[in-house]
Amino acid sequence: MENINVLKSDFTKLFAKDAESVFFSPGRVNLIGEHTDYNGGNVFPCALTIGTYALVRQREDKNVLVNSLNFKELGILEFSLENMIYEKQHDWANYPKGVIKTFENHGYNIPNGFEILFYGNIPNGSGLSSSASIEVLMGTILNDLFNLNINMVDIVKMCQEAENKFIGVNCGIMDQFAIGMGKENCAILLDCNTLKYSYSTIAMDGYKIVIANTNKKRGLADSKYNERRSECETALAEIQKVKNINALGELTEEEFEEVKSCISDPIKAKRAKHAVYENRRTLKAVKALEENDLTLFGKLMNDSHISLRDDYEVTGIELDTLVSLAWKSEGVIGARMTGAGFGGCTVNIVKEDCIDSFVEKVKAEYTSKIGYEPSFYVVSISDGTRKIG
């Protein structure tokens, strides 16, 4: 927990009055089920103890003033509820702005403005969903301030819509869902097709989740992400000529092997294979956890990375280096890339008394091979977005 009192005094210095309430929204990591969401499959994310804090005070006029301690150089950004358009110079503030606009589009009344101080301890560009964390935070603040009585799943859907339509990023619903619906010590098995979900308790007996950040500047992810989506769509269309399915996620491994010869391009067949096998791996991983078999869960994580590396080809030297070093480290039962790929982070399950040596060794070897240092975060699984004061 960050020192809320320090944030409160920062708020008072900035806005000359005290904050009225405090909110927290977690980041998220996907434990397994990568690039399955848009293929009609399952994902298995959890919310994290790192995230975004917001201190809020209502105003009597229609103006919204926001400031982020993570972007101090931008100062206080101000906009009016009567002119809610995307403005490049507003930078990060377009995320909360998009959520406000989406709520209004759905007929919710936002009668007056407010002041918000944001502070996040999720590294930007790490792939741990700092943007979705801010979106669900803003939705939760609006729901609370104006007594809108919206359930969290609907807040989550509107936040995804804000990112799709206002920001213009074609994301699935996993990030916002994991952040809004998170539960302490549980991961969420989510079917992205139907939004059916269930919680699985993770008994981490003596183990911790360690996130390793490649610190690679992400440039490629968006273009390659769209390319992979279209490759899978083409493969699906070819399979649909012989099999009545709506999504790759509906196939078992055996069914895929029977129909894969319908896919004319071997590259697209590899992409579709990943989508099918990763979805089944995710269901097996959940079953392993329910049977307290953390070792099998770790092996399935490793298999997931191999599939993302060889069949889906979204890893790259930085992620592969972090993962292969983790696989050689004492006390690691599973390691894989997480997120879109081409940079970002890996997720590792590491024995608690091995964490220090794991970080030290992986950092040294990665730095000597790649030329710059990775970062590490030891995290726990958190509740979803909520008011904390």
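Cβ coordinates come from backbone N, Cα and C, glycine included.
Marked as site 'Transition state stabilizer' by Swiss-Prot on the basis of sequence analysis: R28. The substrate binding site annotation in Swiss-Prot covers E34, H35, T36, D37, Y225. Marked as ATP binding site by Swiss-Prot: S68, G125, S126, G127, L128, S129, S130, S131. Summarising the annotation, Swiss-Prot assigns Mg(2+) binding site to S131, E163. Annotation source Swiss-Prot lists active site, proton acceptor at D175.
Overlay of Swiss-Prot feature records on the structure.
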residue: R28; record: site 'Transition state stabilizer'; DSSP (3 states): strand
residue: T36; record: substrate binding site; DSSP (3 states): coil
residue: G127; record: ATP binding site; DSSP (3 states): coil
residue: E163; record: Mg(2+) binding site; DSSP (3 states): helix
residue: D175; record: active site, proton acceptor; DSSP (3 states): helix
residue: Y225; record: substrate binding site; DSSP (3 states): helix
Whole-number Å value for how far E163 (Mg(2+) binding site) lies from H35 (substrate binding site) (Cα to Cα): 18
Top Cα neighbour of S68 (ATP binding site) in the set of recorded positions E34, D37, E163, D175, Y225: E163
Among T36, D37, D175, which are recorded as recorded positions, the nearest neighbour of S130 (ATP binding site) by Cα: D175
Cβ-Cβ neighbours of R28 (site 'Transition state stabilizer') (radius 10 Å): 34
Proximal residue to T36 (substrate binding site) among recorded positions S126, G127, S129, S131, D175 (C-alpha distance): D175
Structural state of S68 (ATP binding site), classified by DSSP into three states: strand
Same-chain residues at least 6 apart in sequence whose Cβ lies under 8 Å from Y225 (substrate binding site): A340
Spatial neighbours of R28 (site 'Transition state stabilizer') among the recorded positions G127, S131, D175 [C-alpha, 10 Å]: G127, D175
Which binding-site residues sit within 10 Å of the residue listed as 'active site, proton acceptor' - Cα, from E34, S126, L128, E163: L128
Cα-to-Cα gap, S131 (ATP binding site) vs E163 (Mg(2+) binding site), nearest whole Å: 9
